[in-house]
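J.: I grabbed these lines from Swiss-Prot:
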BINDING   Ala24, Met25, Ser26, Gly27, Gly28, Val29, Asp30, Ser31, Leu50, Gly143  ATP binding site
ACT_SITE  Cys119  active site, nucleophile
DISULFID  Cys119-Cys215  disulfide bond
SITE      His144  site 'Interaction with tRNA'
ACT_SITE  Cys215  active site, cysteine persulfide intermediate
SITE      Gln352  site 'Interaction with tRNA'
Amino acid sequence: MLKEFEIEPLLKDKAPHQTKAVVAMSGGVDSSVAAALLHNLGYKVVGVTLQLYGTDGNANARKGACCAGQDIYDAKRVAESVGFPHYLLNYEEIFKKEVIEDFASTYMRGETPIPCVRCNQTVKFRDLLQVTKNLGADVLVTGHYVRRLEKNGEVKLCRSIDKSKDQSYFLFATTQEQLKLLRFPLGGFYKSDIRKLAKYFSLQISEKQDSQDICFVSESYSKTIAKLAPQSVQKGKIVDVNGKVLGEHSGIVNFTVGQRKGLGIAHNEPLYVIKINTENNEVIVGPINVLMQKKILIKELNWLEQPKEGMEVTVKLRSSHVGSLATIHSTDEKNKACVILNDDYFGISPGQACVAYKDEQVIGGGWICS
């Protein structure tokens, strides 16, 4: 059966039995299959799981999460059944600082965060790559649905074959230096293939559901942020774009740009959240046309391939976005760029990522400022 699931060699100049691969194991089906597949192909696999949260027991029984409680047990059990070493590293304090606190502070700036990108950018890639080097391994392998293509010494990050599972949007902040050591063996497969492989390898987690939503949010977003930043639930005013007071809100944590439902105010036309003014603790609302825009300013740029001035690309403005045609332009501000969409787009949210593609290839991107 394994002949149906061929992958590119992890290293072109080393045979599998000479190649040591650290596999980041979350306890889910994808990373477990990646580890089992490589082990069966003869690679020297070392499984590593990061304990990111939940040592207080709060997240241990939560379904659809990862990297805590049951998931750690599942990763260890897979390693034992397949027959490769597995290590558990406690990264809870680092995760709290780099991801959870950033999540809360982003909301407090009136933005909508994507903690999964921050986690990949810091804990999972930056720190795990250092662990990989410390263990004397050749590569770091993850179960992400994304493809890494290498030609003439140049590495490209590309969309997964399975577009319904593609995770390239969440990996836009990966650097060229990191890509040299990273490998994504599942990018050429469909999720259904991975389920088949899990059963073929007799993995106990073959039917385990995929992780969903934000792993450390055990309640609602608002309750989680309220615990991290109590000031986010202070009452304030809801005003229109001209500053007229329309009502009162119960905390900015309950609102996000583009939101229509749950505003708690009556008006003669539908109103949407236009902006969250954290300085004045105000939620600014207006008609839908105010939310339609073509021009986007992005910051903290990461280009896997430096775009030329006016380069035509397709951009994704949220993970579920199918993509919009656009051009990329330089600005006078350091580490910022301007993206001009061909057509108006509704509800562009500061704090989200703007990721540029050229066909299947990830060019790079940045965080939306405005």
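A Cβ is built for glycine as well, from the same backbone N, Cα and C atoms used for every other residue.
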J.: Check the Cα distances from His144 (site 'Interaction with tRNA') to each of the recorded positions Ser26, Asp30, Gln352 and keep only the ones within 10 Å.
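T.: Qualifying among Ser26, Asp30, Gln352: Asp30.
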J.: I'd like the number of other C-beta atoms within 10 A of the C-beta of Asp30 (ATP binding site), please.
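T.: 24, counting other Cβ atoms within 10 Å of Asp30 (ATP binding site).
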J.: In whole Å, note down how far the CA of Ser26 (ATP binding site) lies from the CA of Cys119 (active site, nucleophile).
T.: 13
J.: For Cys119 (active site, nucleophile), name the DSSP secondary structure in the helix/strand/coil scheme.
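T.: DSSP assigns Cys119 (active site, nucleophile) to helix.
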J.: Roughly how wide, in whole Å, is the group Ala24, Met25, Ser26, Gly27, Gly28, Val29, Asp30, Ser31, Leu50, Gly143 that binds ATP, by largest Cα to Cα distance?
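T.: Those residues reach a largest Cα separation of 16 Å.
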J.: Fill in the CA-CA distance, Asp30 (ATP binding site) to Gln352 (site 'Interaction with tRNA'), as an integer in Å.
T.: 26
J.: If I take the alpha carbons of Ala24 (ATP binding site) and Cys215 (disulfide bond), what is the distance between them in whole Å?
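T.: One finds 16 Å between the Cα atoms of these residues.
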J.: If I restrict to non-local contacts, at least six residues apart, and a C-beta distance under 8 angstroms, what lies near Gln352 (site 'Interaction with tRNA') in its own chain?
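T.: In sequence order, the residues whose Cβ lies under 8 Å from that of Gln352 (site 'Interaction with tRNA') (at least 6 apart) are Glu111, Thr112, Ile114, Leu317, Arg318, Trp367, Ile368.
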J.: I need the CA-to-CA distance for Cys215 (disulfide bond) versus Ser26 (ATP binding site), whole Å please.
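T.: About 11 Å separates the two Cα atoms.
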